[in-house]
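Per TrEMBL, the features are as follows:
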| type | residues | note |
| --- | --- | --- |
| BINDING | His43, His91, Asp147, His151 | Mn(2+) binding site |
| DOMAIN | 5-98 | domain 'Manganese/iron superoxide dismutase N-terminal' |
| DOMAIN | 135-179 | domain 'Manganese/iron superoxide dismutase C-terminal' |
Amino acid sequence: MAVTQYSLPPLPYAYDGILTNPHLFASPQALEPAISAQIMQLHHSKHHQTYITNLNAALTSQLHALISNNLPLQLANQQIITFNGGGHINHSLFWENLCAASESKVTDAKQVVAEIEKQWGGIEEFKDRFWENDPITIRLTPLLGVDMWEHAYYLQYLNVKAAYLENIWTVINWKTVEEKFKGGREDVLKFLRASI
Ligand SMILES: [Fe+2]
């Protein structure tokens, strides 16, 4: 019996900055100066890949643990699967939430902005409160996520996290936020099936 193995989703555009998938984001360089190419390459090819590698190993181990009725191993694997599966999902969504600054237009998310204005009073108020939000739970549908771990900014911003948080707004792909809002949960997580 085989178990599902996940793979790293490729960055959906070329390094020369020419969009190959207008719904997603440009090459790592295209996110500069908000996020350096060095960070993007390490973050995607090393950090995200590690989550996937660990997820796949735990899924394989879990299959054996289930067959052999090894409950302690099942419980240990479940924690690893939750952590690394979450890392895979969060990073996949994060990449889709970014785009070149020239493509980042809040006017592309008219319905989302209308909801933001209803709930927070305005886009600037929303930005101020955004960092207070807890990580999503399984019952909510993620529309916009930003990686706050040090590996997401430290090489470039060092300990000045506030500058990263300010600059990240210049490379948010509002078009994908709006599409996720309109499409619903099945749309948001479809990459999980596509990556199998
Ligand atoms: Fe990350």
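Cβ coordinates are placed from backbone N, Cα and C, and glycine is handled just like the others.
The helix, strand and coil residue counts that DSSP assigns across the domain 'Manganese/iron superoxide dismutase C-terminal' (135-179) are 24 helix, 1 strand, 20 coil. Minimal Cβ crowding within 10 Å, among the binding-site residues His43, His91, His151, is found at His151. Listed in chain order, the extra residues whose Cβ falls within 8 Å of the Cβ center of the Mn(2+) site residues His43, His91, Asp147, His151 are His44, His47, His48, Phe94, Trp149, Ala152. Within the same chain, the residues at least 6 positions away from Asp147 (Mn(2+) binding site) whose Cβ sits under 8 Å from its Cβ are His43, Asn90, His91, Phe94, listed in sequence order.
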